[in-house]
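A.B. asks: Below you'll find the structure I mean.
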Amino acid sequence: QNNAKVAVLGASGGIGQPLSLLLKNSPLVSKLSLYDIAHTPGVAADLSHIETRASVKGFMGPEQLPECLKGCNVVVIPAGVPRKPGMTRDDLFNTNASIVATLTSACAKHCPEAMICIISNPVNSTIPITSEVFKKHGVYNPKRIFGVTTLDIVRANTFVAELKVDPARVSVPVIGGHAGKTIIPLISQCTPKVDFPQDQLVKLTGRIQEAGTEVVQAKAGAGSATLSMAYAGARFVFSLLDAMNGKEGVIECAFVRSDETESTYFSTPLLLGKNGIEKNMGIGKITPFEEKMVAEAMSELKASIKKGEDFAKNFK
């Protein structure tokens, strides 16, 4: 069953290259289609020498995009500009919104059935853009469009583990959105169960929310989180492929169309299946501290979603 064709759009970039390497290394992938506006033939040639079964093809420039997407089961989109120190994810909006709208428009035309996994920030706006683009083409299926927030979960697991136990055993659901205070780690639902005094909990939560900025500052203008994002993106794609291959009980959080809160898009744990989202697992039982975070995230989430939808309506 492991015969998935996966496309990476933005494959030559800081996230795209290590993400493509991880996908090439996986037995779940049989064909890897790499697309970018520059350098893709080189990246593809380089990766094609790796002794795993996925065949690799590079595509460059808009005229080769349709061919890249044909027959794809999963499309991952890390394309766009990275953050620099002092920038918020929202500052990337104008550039990345156009890139995402253009690329997802091609997906809607050439692989309307594929699972679409968006990494390009601001995810809180690029997912609504993707939905509107698919609606315009009459092929919208909310069960197949995902904003990849997995890095928030990976970071939460890592930071909790640093304070408590072995990271391989830690699992913290992170709900909400994918920027600042919309990132809501549910430490009360962590497995194994962990307890923190309130001051430590507040500090830990803040670190998870601002972890991206930690990397942007440490890289001092040379980019944002690329390697950890590639790892998280690959983890999400592998979960999705496992579920599409019939594996049961696969759960990942992602930013999707949702009725769980008053926000029309919201990240919660999702049971994945052959057709994408099998079941939204919802928020579950949370503490008053977490409830307050959900309430406080709403206005920012709604504004980001509206911004994305408005952009898509005017996009030609």
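Glycine is treated like the rest: Cβ placed from N, Cα and C.
Caution: TrEMBL annotation is automatic and unverified by curators.
As annotated by TrEMBL, active site, proton acceptor applies to H178. What TrEMBL records for G10, A11, S12, G13, G14, I15, G16, D36, N96, I119, S120, N121, M229 is NAD(+) binding site. Sequence annotations record features per position, and here TrEMBL assigns substrate binding site to R83, R89, N121, R155. Taken from TrEMBL, the feature domain 'Lactate/malate dehydrogenase N-terminal' covers 5-147. If you look up TrEMBL, you'll see 149-311 marked as domain 'Lactate/malate dehydrogenase C-terminal'.
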A.B. asks: Name them in sequence order: residues not among R83, R89, N121, R155 whose Cβ is within 8 Å of the mean position of the Cβ atoms defining the substrate site.
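C.D. replies: Apart from the listed residues, the neighbours are P122, H178, A179, G212, T213, V216, S224, A225.
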A.B. asks: State the count of C-beta atoms found within 10 angstroms of the C-beta of N121 (substrate binding site), not counting that atom itself.
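C.D. replies: The Cβ of N121 (substrate binding site) has 28 Cβ neighbours within 10 Å.
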A.B. asks: With DSSP as the yardstick, break the domain 'Lactate/malate dehydrogenase N-terminal' (5-147) down into helix, strand and coil residue counts.
C.D. replies: 65 helix, 30 strand, 48 coil
A.B. asks: Can you tell me the CA-to-CA distance separating S12 (NAD(+) binding site) and R155 (substrate binding site), as a whole number of Å?
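C.D. replies: Cα-Cα distance, S12 (NAD(+) binding site) to R155 (substrate binding site): 25 Å.
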A.B. asks: Rounding to the nearest whole angstrom, report the longest C-alpha distance spanning G10, A11, S12, G13, G14, I15, G16, D36, N96, I119, S120, N121, M229, listed for NAD(+).
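C.D. replies: 18 Å is the greatest Cα spacing among the residues binding NAD(+).
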A.B. asks: Here's one to test understanding: among the recorded positions G10, G16, S120, H178, whose C-alpha is closest in space to the C-alpha of R155 (substrate binding site)?
C.D. replies: H178
A.B. asks: Out of R83, R89, R155, H178, which has the highest number of nearby Cβ atoms, where nearby means within 10 Å of its Cβ, if these are the recorded positions?
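C.D. replies: Counting Cβ neighbours within 10 Å, the top one is H178.
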A.B. asks: Tell me, what is the mean pLDDT of the domain 'Lactate/malate dehydrogenase N-terminal' (5-147)?
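C.D. replies: Looking only at the domain 'Lactate/malate dehydrogenase N-terminal' (5-147), pLDDT averages out to 97.
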A.B. asks: Return the member of G10, G16, M229 nearest to R89 (substrate binding site) in space, with distance defined Cα to Cα and candidates limited to these binding-site residues.
C.D. replies: M229
A.B. asks: In Å, how large is the greatest distance between any two Cα atoms among R83, R89, N121, R155, the listed binders of substrate?
C.D. replies: 18
A.B. asks: How many Å separate the Cα atoms of M229 (NAD(+) binding site) and the residue listed as 'active site, proton acceptor'?
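C.D. replies: Distance (Cα to Cα, whole Å): 13 Å.
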A.B. asks: Can you give me the Cα-Cα distance between N121 (substrate binding site) and the residue listed as 'active site, proton acceptor' in Å, rounded to a whole number?
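C.D. replies: Cα to Cα, N121 (substrate binding site) and the residue listed as 'active site, proton acceptor' are separated by 8 Å.
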A.B. asks: How far is it from H178 (active site, proton acceptor) to S120 (NAD(+) binding site), counting Cα to Cα, in Å?
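C.D. replies: If we compare the Cα positions of H178 (active site, proton acceptor) and S120 (NAD(+) binding site), the gap is 11 Å.
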